[in-house]
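Data block below; observations after.
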Amino acid sequence: MALPVRRRRKTQFQRAADGSMTLLDHLRELRSRLFKAALGIVAGMVVGWFFSKPVLDLLEKPYCDATAPPGKTCGEFLAIDPTGPLALQVKVALIIGLIIGAPIWLYQLWAFIAPGLHRNERRWAYAFVILAAPLFALGAWLAYIMLPRALDFLLNFGGSHVSFTFELSKYIGFVTNLVLLFGVAFEFPLIVMLFNIAGIAPAKRLLGWWRPAILIFFAFSAIAIPTGDPFTMTVLALGLTALYFGAVLFAYINDKRRGRLHRAEFGDVGDDEISPLNYDTGDPVEAGEPITAIEPVAPARPLDRHYDDDAT
């Protein structure tokens, strides 16, 4: 006797990909993903609480080195609000929690979005995520390296008769804004690469834009840098310029790869040219016998209608 074959149930990913999930199913999945992402952030925040004090000391170090009087290890900070230090430590713990829990909440975000993407789009998304993390870390590290020079410029700008005492929360906010600015700005080449992959900006066009691009980088640095010192602005602009030319190199390699695939399929025909028709189809087809004329068809005769008048 043949055993009944049990049909394998579709996974949630397959149901979302083929459109068989209802609106309520999507909302339930979104709620579940958000809950799991929040749990990951809270768990990272708990771990970050124990590292918040060393991180605060690391952020305060540039100011301490610049303002420490002889015989002291650190300059003094000003706390206006009694709850300011505690709130600041909670804020730093939250930032650390976002970083530590990034694999969890990023995965939950990706698991919700990925079913709506094609296989090729998912492959490019993996590459962009892999590149985004080191680019942001590079920008944040460069900002921290430049921080002592920026503080030295700001502290010496007022002259010797001005005494500086920074408010703690504002100073930490200043440092985090500078780090975030550099980190987010260093994600710019990903946008250039995305335009090239979409076919909007080929490498030759990007290379022709290098002069206005450099001008935009310096203007952006002059406006966005909170310190206002020329050295930090120059470093950010030069970093963006180097990343731009790196994106142009990627675009050149991608265009070469796309050109090889295009030639393999269409030959040397350009994108804006009409492909020629191939009339050489092999051996000629011999003509058959000529078709004779159609004989006329006799018209149909009308039906004879016989009525029996005597029928009752």
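Including glycine, each Cβ sits where the backbone N, Cα and C put it.
What TrEMBL lists as compositional bias 'Basic and acidic residues' is 302-312.
Taken from TrEMBL, the feature region 'Disordered' applies to 290-312.
As annotated by TrEMBL, transmembrane segment applies to 34-52 (among others). Only residues 6 or more beyond the boundaries of the transmembrane segment (34-52), in the same chain, are considered here, and those with a CB under 8 A from a CB of the stretch are 89-90, 92-105, 108-109.
Look at TrEMBL and you will find 92-113 (among others) tagged as transmembrane segment.
Annotation comment: TrEMBL describes 125-147 (among others) as transmembrane segment. Note on the transmembrane segment (125-147): residues 62, 106, 110, 114, 117, 175, 178-187, 189-190, 193-194, 231-232, 235, 239, 243 of its chain, located 6 or more positions outside it, place their CB under 8 angstroms from a CB of the stretch.
Sequence-remote contacts of a segment are chain residues at least 6 beyond its ends whose Cβ falls under 8 Å from one of its Cβ atoms, and for the transmembrane segment (171-195) they are 56, 59-60, 62-63, 77, 88, 91-92, 95, 128, 131-132, 135-140, 142-144, 147, 150, 201, 206, 220, 224-227, 236, 239-240, 243-244, 246-248, 250-251. What TrEMBL records for 171-195 (among others) is transmembrane segment.
The annotation transmembrane segment is assigned in TrEMBL to 207-225 (among others). Same-chain residues lying 6 or more positions outside the transmembrane segment (207-225) and placing a CB less than 8 Å from one of its CB atoms are 178, 181, 185, 232-234, 236-237, 240-241, 244-245, 248, 252.
Residues annotated as transmembrane segment in TrEMBL: 231-253 (among others).
The list of residues near the transmembrane segment (92-113) in space but at least 6 beyond its ends in sequence, with Cβ under 8 angstroms from a Cβ of it, reads 13, 29-30, 33-34, 36-49, 51-52, 55-56, 59, 125, 129, 172, 176.
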